[in-house]
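What follows is a single structure, written as structure tokens, with notes after it.
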Amino acid sequence: MNAIVALCHFCELHGPRTLFCTEVLHAPLPQGDGNEDSPGQGEQAEEEEGGIQMNSRMRAHSPAEGASVESSSPGPKKSDMCEGCRSLAAGHPGYISHDKETSIKYVSHQHPSHPQLFSIVRQACVRSLSCEVCPGREGPIFFGDEQHGFVFSHTFFIKDSLARGFQRWYSIITIMMDRIYLINSWPFLLGKVRGIIDELQGKALKVFEAEQFGCPQRAQRMNTAFTPFLHQRNGNAARSLTSLTSDDNLWACLHTSFAWLLKACGSRLTEKLLEGAPTEDTLVQMEKLADLEEESESWDNSEAEEEEKAPVLPESTEGRELTQGPAESSSLSGCGSWQPRKLPVFKSLRHMRQVLGAPSFRMLAWHVLMGNQVIWKSRDVDLVQSAFEVLRTMLPVGCVRIIPYSSQYEEAYRCNFLGLSPHVQIPPHVLSSEFAVIVEVHAAARSTLHPVGCEDDQSLSKYEFVVTSGSPVAADRVGPTILNKIEAALTNQNLSVDVVDQCLVCLKEEWMNKVKVLFKFTKVDSRPKEDTQKLLSILGASEEDNVKLLKFWMTGLSKTYKSHLMSTVRSPTASESRN
């Protein structure tokens, strides 16, 4: 937990002071901190508790060395400190605890070594013992801001027979920059800090009662002659907390308590990345992967059986049998096993729109979204594959069936993206069909060479693209809503390519949710046609193109989702018995 725990004291001579603080260090300690100990002075060892190893390093400093440390410290000068304002002796390096589980160090000093942290702790100390006080001046309170951090403060009194009112004022503060985390930790911190305070007050009460029994200060003060002039009281008005509790190991114990408090509070609340339900694309990809693994297992089993039964064949025959034909390789590629080229010719939808032109791209995108067959004829296989890789981003994964490159025409039920070599003949009914679009790639004449809008990629300037269809999309046709939004995003030059990709993901998720509602409404609940029309108008998809798009995208729903909906349908007998 990134926090600082500090013990503060209100000195009658110097005001609010920080006595002791423990901070968390995630980075290695600076060179020289605790590494200059001589073997004779040694390191006192060390107690392991809860995965934390505590080192108490005591070094003997010369006066000159102590003075140099004091001058570089951001804390108050020695002349401004009394016995009650000081915790560790001059030259004491502090306490360090190593957490072996997380490689975190918990370091305790009288003041933080960093000037900015010292300022934050100093301000929190002053506020906790002056203006930010719980009613009754003893108890917990929360205050702070974004600039100086947020503070959980618990003020309390310690008995002192020589102090005004026989008690001194202290506070334990916890400082964090995360307000929500600190508020959620309030019950935990309150209980543990209250335990530390009770222990300190119990020790001080025993010392106070012993001193009162030996020399009652109340009787002595009552017998003192009254004078209207101010004078210094008898005894030491500035007593250290170690003398008030009669505990020489007080600071080591406080370091252990504060280090455990920081570790336990940080381990108590942890952040977890909560992902939502898997999208339809994720479910479809998982189903395809499972099918491929199942096929490979069955293929391996059948090969093993054939090897046991069949005789050994010559090498040439074996190689010929394992070679797949063009149709087989194309169909396997449609299952997602083909690898797109590393440097695509078409880089994005925006790039393709610049190359083809706005009217041709709109026609092509309309056919893609409607589920019609998209045929590319080109000698460049990489060009065709890059085009399909870009166009498939407009569809859900379950609606994509690709044959990247084939030497013969494949029917539309087998694929909606088909790559063909230029010499392949397309059937006449496909050429005149309104459910297909053909993109022919020809070598451009020198007179028709033109820039494609990308200075760093001139590979497409040698091509000419002709987009034809049996049912060209009219320029004044509204088209599906998602197509208009995609074009608006592509034409907005203020949006980068990455932002457009994320916008496309959001649009697909939006329309897949509409598809799920329509599927549940029509296929599962079997609602009448009138109710379906009302639902489509509510979804904002009552236009003809939107309805066709929803019906096509419905084929991309995962089997998992469909089976889940079907299994939750109540049988007529069960519903009648409930009624």
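Using N, Cα and C of the backbone, Cβ positions are placed for all residues, glycine too.
Just so it is clear, the model here is predicted, and its values are computed rather than measured.
If you look up Swiss-Prot, you'll see 287-310 marked as coiled coil, on the strength of sequence analysis.
Under the heading compositional bias 'Acidic residues', Swiss-Prot lists 294-308.
Annotation comment: Swiss-Prot describes 86-242 as domain 'uDENN FLCN/SMCR8-type', evidence class sequence analysis.
Residues or ranges marked as domain 'cDENN FLCN/SMCR8-type' in Swiss-Prot: 339-491.
Taken from Swiss-Prot, the feature phosphoserine covers SER62 (among others).
Feature annotation from Swiss-Prot assigns phosphoserine to SER73 (among others); the stated evidence is a large-scale study or a structure entry.
With a 10 A radius on its CB, SER302 (phosphoserine) counts 10 other CB atoms from all the protein chains. Feature annotation from Swiss-Prot assigns phosphoserine to SER302 (among others).
As annotated by Swiss-Prot, phosphoserine applies to SER406 (among others), with the evidence given as experimental evidence.
If you look up Swiss-Prot, you'll see SER537 (among others) marked as phosphoserine, on the strength of experimental evidence. The Cβ of SER537 (phosphoserine) has 11 other Cβ atoms within 10 Å, all protein chains considered. Classification of SER537 (phosphoserine) by DSSP places it within a helix.
DSSP assigns SER542 (phosphoserine) to coil in the three-state reduction, outside any helix or strand. The feature phosphoserine is assigned by Swiss-Prot to SER542 (among others).
The annotation phosphoserine is assigned in Swiss-Prot to SER571 (among others).
The region 'Essential for interaction with LDHA' feature in Swiss-Prot is assigned to 210-220.
The site 'Essential for GTPase activation (GAP) activity' annotation in Swiss-Prot covers ARG164, and the record cites experimental evidence as its basis. Secondary structure at ARG164 (site 'Essential for GTPase activation (GAP) activity'), taken from DSSP and collapsed to helix, strand or coil, is helix.
Confidence in the domain 'cDENN FLCN/SMCR8-type' (339-491), given as mean pLDDT, stands at 84. Of ARG164, SER302, SER537, SER542, all annotated as recorded positions, the residue with the shortest Cα distance to SER406 (phosphoserine) is SER302.
Neighbours of ARG164 (site 'Essential for GTPase activation (GAP) activity'), defined as other CB atoms within 10 A of its CB across all chains, total 10. Separating the Cα atoms of SER542 (phosphoserine) and ARG164 (site 'Essential for GTPase activation (GAP) activity') is a whole-number distance of 83 Å. Of the recorded residues, SER302 (phosphoserine) and ARG164 (site 'Essential for GTPase activation (GAP) activity') place their C-alpha atoms 95 Å from one another.
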